[in-house]
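As annotated by TrEMBL, ATP binding site applies to GLY12, PRO13, ALA14, GLY15, ALA16, GLY17, LYS18, GLY19, THR20. Here TrEMBL flags 9-219 as domain 'Cytidylate kinase'.
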Amino acid sequence: MSGNIPIMTLDGPAGAGKGTVSRAIANKLGWHYLDSGAIYRSLAVAVLDAGVALDDMDGIVNVANKMDLSFGSGDTPSVMLNGKIITDRITTETCGHITSQIAANGQVRQALLQKQREFCRSPGLVADGRDMGTVVFPEAQYKVFLTASAEERAQRRFKQLKEKGIDVSLIGLAKEIEERDRRDMERSVAPLKMADGAVLVDSSDMSIDDVIAQCLALLEA
Ligand code: DC
């Protein structure tokens, strides 16, 4: 349990800007930051490396229970899995897809629950994901559901990948994002949905600074 440690949760679909916004808020407040997607993504990498099939849920849970995962600090923190840096491997679209499939299983989610809750330490936590306000930290005092139109999210991701020199088709990307959203929203365990008491922020026509300001205003409300 988090006791009286303050928590802000930011849930929402892929590409809504949760990572950028959450990191900025955590920096500003001097709070810890949990990128729960990175934990799920790291599990996907661990599963691939272990040669476990994506439909072997017992095998996946076993990998989850054994994986030794640690995060560095900074704007793009390095991710270390079983002694190897996997930072670049977890950011690919393919990894996002595999992750979304694995993450639909309840036993897998249960295996990662404690790892996520351990991030809640004084003086506070900003937690970014799909079920932060509904399942992992339902007791959070500040809850945001951050979204943006599917077109806008695809455009943003397209731009990010282009800047990294990765060539993808915008239409293909939009399709993949919609498919991942659907799977994350329609799964029976911990689906992506707005938590009770969450504030809806649609960032489609907002600057990052405005989104950050709107989230920070919750602390003063
Ligand atoms: O936020 P992200 O794109 O890094 O997340 C990758 C996938 O991980 C996402 O499609 C669904 C899954 N995920 C999840 O099920 N629950 C979370 N709290 C975070 C991510």
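Glycine residues also receive a Cβ, built from the backbone N, Cα and C atoms like all the rest.
Mapped onto this structure are the features recorded in TrEMBL.
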| residue | record | Cβ neighbours (10 Å) |
| --- | --- | --- |
| GLY12 | ATP binding site | 28 |
| ALA14 | ATP binding site | 21 |
| ALA16 | ATP binding site | 24 |
| LYS18 | ATP binding site | 29 |
| THR20 | ATP binding site | 16 |
Practice item. Select, from ALA14, ALA16, LYS18, THR20, each of the binding-site residues with a Cβ positioned under 6 A from at least one atom of ligand 1; if none does, say none. Key: ALA14
